[in-house]
Amino acid sequence: MSGAALGLEIVFVFFLALFLLHRYGDFKKQHRLVIIATLLAWYLCFLIVFILPLDVSTTIYNRCKLAVNSSPAESNGSYVTLAPSNQKCFKPWSYIPNGIMPIFWRVVYWTSQFLTWILLPFMQSYARSGGFSITGKIKTALIENAIYYGTYLLIFGAFLIYVAVNPNFNLQWNQLQTIGIAAANTWGLFLLVLLLGYGLVEIPRSHWNGAKRGYLLMKTYFKAAKLMTEKADAEENLEDIMEEVRKVSESIKYNHPLRKCVDTILKKCPTEYQERMGRNMDDYEDFDERQNSYPSEKSLVKLHKQVIYSVQRHRRTQVQWEILLEQAFYLEDVAKNETSATRQFVHTFRSREPENKILQYFYTPTVEWYWECLLRPWFYRVLAVVLATFSVIVVWSECTFFSTKPVLSLFAVFIQLAEKTYNYIYIEMACFLTIFFLSICVYSTVFRIRVFNYYYLASHHQTDAYSLLFSGMLFCRLTPPLCLNFLGLTHMDATISHKNTQPTAYTSIMGSMRVLSFIADGFYIYYPMLVVILCIATYFSLGTRCLNLLGFQQFMGDSEMTSDLIDEGKELIRREKRNRQRQEEGENRRREWKERYGNRDDSTRNRVVHADQKESSFSETSANRPLSKYTRSNGRTERDRIELLQDAEPLDFNADAINDDPLELDSGR
């Protein structure tokens, strides 16, 4: 079992990252390199979170062996017996042999850092580029990242010059490496505390509000009004962009050198617009080189970029609107079924997705009624209380983890109590729950935040490539300081505990932070206390109120704008519900008509087919007869038709002779 736990977690985390990426990304439409890079970034970050508890338990066992080797002891089987106290140091079931974890952490950490600082920013610019060739996209990406990379090189070069000139510093390569790691972790810790302060309050509150049906329905109405505005804006923007594409397509003909670029743009347009533009094209016309009204390649690159963005935004708003409608209809059904006397859940509309027969067998209407109307609100309340308790423990430990005598951090107390009895299962479970909760608070905030339309993680395969890559960058930058913060909370970091003990394998690759004492003894200890202020600000919704004052409509119960948007959203949902009901009524009438008159229509259709067959057989026999006796009459008819055409007088198409007004024609007659 020494390496089985590590192998199982590696496989499990891979499928977990693949599942989440499939939920947010689109494997069929997005570029494979974008999918692979994002999957690798997510996978490495989730892997660090899941493997770190195994590193903690292995380190505790190694400390025990080190203490035994330094004192009289005798070895027996898989454990070591301490001579002075006769305690047994059992080997954990998930023990990882020495030498594996340092190599593993080194590969994982430096790969994630290469992704977040070099590869993913370059791929972001590459994905947003509107170039028509790989060379053009790479050139655009290099130009956009020149300032980004140049700034870091300038800072690092200035630091190296300062170190070389100052005689008090005698830094080696390992120390320079530690300084680079410390700089990256400092930037990540700055962002980590901001996201953690929001998640520690918002996650328990969202689950508590999830038990309030009226609150959820009002918030859904509010979202519907905002999404309809965004949807209309996306449709208008798409129409404007398609109009520009149409003009460009009509001006650049088939033999123009830039026609291939136009064809590439047309392939990115929706199907209905492609068909409409294809009907209006006159490709037989040649282009005139003397005209100067043709767009340049740079303008086509810009137009290509706008087309990709507008089409993605339009598709995303359409899908989100359908999902929001289903959610609103379901919440209205829950509100209606709460007073049901039969205690069976009745849906207003049938589900458009194919129903799972196994799930349908167990999840009956009665079970659904008890879960949705009785059990689910209480489950969400209990879960909210548990999460709020965890949040309070995290806030307390963040403010007191630097105290070693006495130990005030509750997570450190739990780990030290389990360490005395060498209960590795408890140690791993406590470590996993702690770091998992911290990760949920941070990562869920990354999934929730939205920076206008540039960064937005939308579920149901509606996230664009830029947002996927940006999320991978954030995960790779946030995970290392998150793990260091967790090790500090549990006093497994020697920098915090001030003990000369064997460090974890993860801490060993980070190097000693004593090289930069003002960061190790100052920023790393006192900056996490800022989470208290951020939690208070989140609890009173100060950020939401500021955004509302700036003109960004946010859901606030005491706002007049929120009430107006709720009423507007309720009317939109009511209108869509009437349309859906009319559609279903029409489908039911057609189904009943087909079931009632289906046999009669089939017999009528058979008679018509039989008559057509007889008529076709008759025409074939007539066509096979000799045509000699009809040749003269047909020729005579043809001569009469020619004479009539010759005797016809030409019409005068003067404006005076033609009058389109029917009233004047009647008066003249």
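Every residue, even glycine, has its Cβ placed from backbone N, Cα and C.
Whatever TrEMBL says is automated annotation, not expert-curated.
Annotation source TrEMBL lists transmembrane segment at 6-21, 33-52, 103-126, 146-165, 177-201, 378-396, 425-446, 466-489, 523-542. Sequence annotations record features per position, and here TrEMBL assigns coiled coil to 224-251. Feature annotation from TrEMBL assigns region 'Disordered' to 577-669. What TrEMBL lists as compositional bias 'Basic and acidic residues' is 581-617, 635-644. Feature annotation from TrEMBL assigns compositional bias 'Polar residues' to 618-634. As annotated by TrEMBL, compositional bias 'Acidic residues' applies to 658-669.
When each of 6-21, 33-52, 146-165, 177-201 is scored by its Cβ pairs under 8 Å to the transmembrane segment (523-542), the top-ranked stretch turns out to be 177-201.
With a cut-off of 8 Å between Cβ atoms, the residues of this chain six or more beyond the transmembrane segment (103-126) that come close are 6, 33-34, 37, 40-41, 44-45, 47-48, 51, 55, 137-138, 140-142, 144-145, 148, 152, 184, 466, 469-470, 472-473, 476-477, 479-480, 505-506, 509. Sequence-distant contacts of the transmembrane segment (177-201), counting only residues of its own chain at least 6 positions beyond either end whose CB sits under 8 Å from a CB of the stretch, comprise 113, 117, 156, 159, 171, 391, 394-395, 438, 440-442, 444-446, 474, 477-482, 484-485, 510-513, 515-516, 519, 523-524, 527-528, 530-531, 533-535, 537-539, 543. Among residues of the same chain six or more beyond the transmembrane segment (146-165), those with a C-beta under 8 A of the stretch's C-beta atoms are 117, 121, 171, 179-180. As a whole-number mean, the pLDDT of the coiled coil (224-251) in this prediction is 92.
Here the transmembrane segment (425-446) has long-range neighbours at 49-50, 52-54, 56-57, 60, 92-94, 192, 195-196, 198-200, 202-203, 387, 390-391, 394, 411, 414-415, 418-419, 457, 471, 474-475, 478, 482-483, 485-486, 489-490, meaning same-chain residues at least 6 beyond its ends whose C-beta is under 8 angstroms from one of its own. Within its own chain, the coiled coil (224-251) is flanked in space by residues 262, 265-266, 269-270, 273, 276-277, 280-282, 293-295, 300, 303, 306-307, 310-311, 313-314, 316-318, 320-321, 324-325, 328, 553, 565-566, 568-569, 572-573, which lie at least six positions past its ends and keep a Cβ under 8 Å from the stretch.
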